[in-house]
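Lifted from TrEMBL, the feature list:
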type     : residues : note
DOMAIN   : 22-292   : domain 'Thioester reductase (TE)'
DOMAIN   : 363-460  : domain 'Fatty acyl-CoA reductase C-terminal'
TRANSMEM : 354-375  : transmembrane segment
TRANSMEM : 387-406  : transmembrane segment
TRANSMEM : 482-503  : transmembrane segment
C-alpha cells in the first residue's frame with residue numbers, strides 16, 4: 001500500500017473537530033473503541049452511538065450507563081468532560097434506515113465524517129432471517145447513510161476473521177460470495193422464519209452457521225456498494241480476548257464464544273469440551289482491535305484517492321492449542337481459584353461425536369440430575385440441568401471452530417504498526433502486546449485473562465487468598481479420589497456385565513473337565 005502521509009498530521013490531529021458515528025457502541029469492541037477515541041483523541045467533536053430503545057430508560061440514560069464500568073475509570077479521573085461528547089441516537093440495526101427518525105438522520109448526515117459499523121448479532125444459532133437483518137441488511141443501511149453524509153472520510157466495516165471459514169488459509173482479501181446478498185435480503189424480507197429454516201442448512205453450506213454466512217455476504221456488499229463511491233475498509237477480528245493492558249489489564253464484559261466455556265471450566269462446571277485438543281486458537285486482544293480500527297481509519301484518510309478497499313485480518317496476537325490453554329489455565333486457576341466452584345478445573349477434550357455424547361451423559365447430565373434432586377429436597381430451585389443444556393448447545397455450536405486450525409494471515413494488520421508516526425507510538429502501538437506461541441508471555445497473558453474474567457464477569461476479587469488456595473488444593477485431592485472411584489466403578493460394572501457370563505462359563509468348563 002503506497003501512502004502519502006503528512007508527517008505533521010498525527011492521529012489525534014486527524015480526528016480533531018470530526019464527528020464519528022458508531023453502531024455497536026454498547027458492545028465489547030464498541031466500548032473499547034469509544035474509550036480509546038475519547039482518551040487518545042480528546043479533540044474529537046462528537047461520537048454518535050446507535051442505541052436501541054429500552055423500557056424505563058431513555059436513550060441518554062442508556063448512553064451514560066455505558067460509562068459505569070471500570071474500563072472508563074482512567075478517563076473519568078483524567079478528563080471527565082469528554083464523556084459529554086458521546087450522544088445517543090435511537091435506532092435498531094435490524095430496521096430499515098436503522099430505525100432512526102428523520103431528525104436524527106439529518107443530524108448524522110450534516111455532521112458525521114467517519115462511521116464504524118461494528119454492530120452485529122454474534123449468536124451462532126440465530127435464524128437465517130434474523131441474521132440477515134442484523135448482519136447483512138444492516139450493513140446496506142449503514143452504507144446508504146454514509147453515502148448521504150456531507151463529508152464522508154472513511155466507512156469502516158467490522159467483520160470477522162471467520163466470515164470465510166470454509167478456507168484453510170484466510171488471506172486479507174474479499175473472497176467470491178457464496179450467494180448474492182440482494183437475493184438473501186429479499187428472501188429474508190419475503191418469507192417467514194419457518195419457511196427459511198427448511199432451507200438454511202443447505203443455503204449456508206459450506207459455512208457452519210448463519211453468523212459467518214451473513215458476515216461474509218456483508219463483506220461483498222461493502223465491495224459492491226462502496227468501491228469508487230466512498231472510502232471504505234474491512235476489518236476482521238479473530239477471537240477477541242480481554243484487554244491486554246490499555247487502559248487496564250483483563251477488562252471484559254461478555255460471555256461470547258469460547259469465553260463462556262473457559263469460564264465455566266474454571267468454575268468446575270464444564271468437564272467435557274467438544275474439540276480437538278491439538279487444534280489452535282487464533283486470538284486478538286480487544287484493546288489492540290480498537291487501536292487497529294483507529295490506525296486503519298487514519299491511514300485511509302490519506303489514501304482517499306485510492307479506490308481499493310483494504311482488508312485487515314486483526315488476528316494472531318496470541319495463538320495456542322486448546323490443550324495448552326487448558327493445562328496452563330488450570331495451573332493458573334490453582335494459584336488463583338474462583339470464590340466458588342463446583343469442582344476444580346479439569347476438563348477433557350473429546351472430538352468423536354459418539355464419545356462426546358457418552359461423556360456428556362456421564363460428566364454433565366447424570367451429575368446435573370443428582371445435584372438438582374438435592375436442590376429440590378432442600379426446597380431450592382433446580383438449575384444444573386438448565387446450565388448443562390446451555391453448555392451442550394455451546395459445545396455443539398463451537399465445535400466447528402474448536403476442531404480445526406485455520407491459518408489467518410495478518411500482514412496488513414501488522415503493517416499498521418509500521419506506519420505509525422513517532423508521536424502516535426506511545427498511544428497506539430500494539431506490537432508489544434502480540435505474543436510468540438508458547439512463550440513465557442503467553443502464560444502471563446492467560447493469567448491476566450483469568451483475572452479479568454474473575455473480576456469483571458464473575459464480580460469476584462481479582463486474587464485469591466492463601467487459605468483459598470490451600471482449600472482448592474484439598475478439593476483437587478478429593479476430586480481425584482472421587483473420580484477415580486467413579487471411573488473404577490463404571491469399568492467394573494461394564495466388565496462384569498460383558499465378561500462375567502464368559503468367565504463363569506470358562507470356569508465351569510475347567511471345573512467339569
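From the backbone N, Cα and C atoms, a Cβ is placed for every residue, glycine too.
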Chain residues outside the transmembrane segment (354-375) and at least six past its termini with a C-beta under 8 angstroms from it: 270-272, 274, 348, 381-385, 387-388, 391-392, 395, 490
Rounded mean pLDDT for the residues that make up the domain 'Fatty acyl-CoA reductase C-terminal' (363-460): 91
Tally of DSSP helical, extended and coil residues in the domain 'Fatty acyl-CoA reductase C-terminal' (363-460): 70 helix, 2 strand, 26 coil
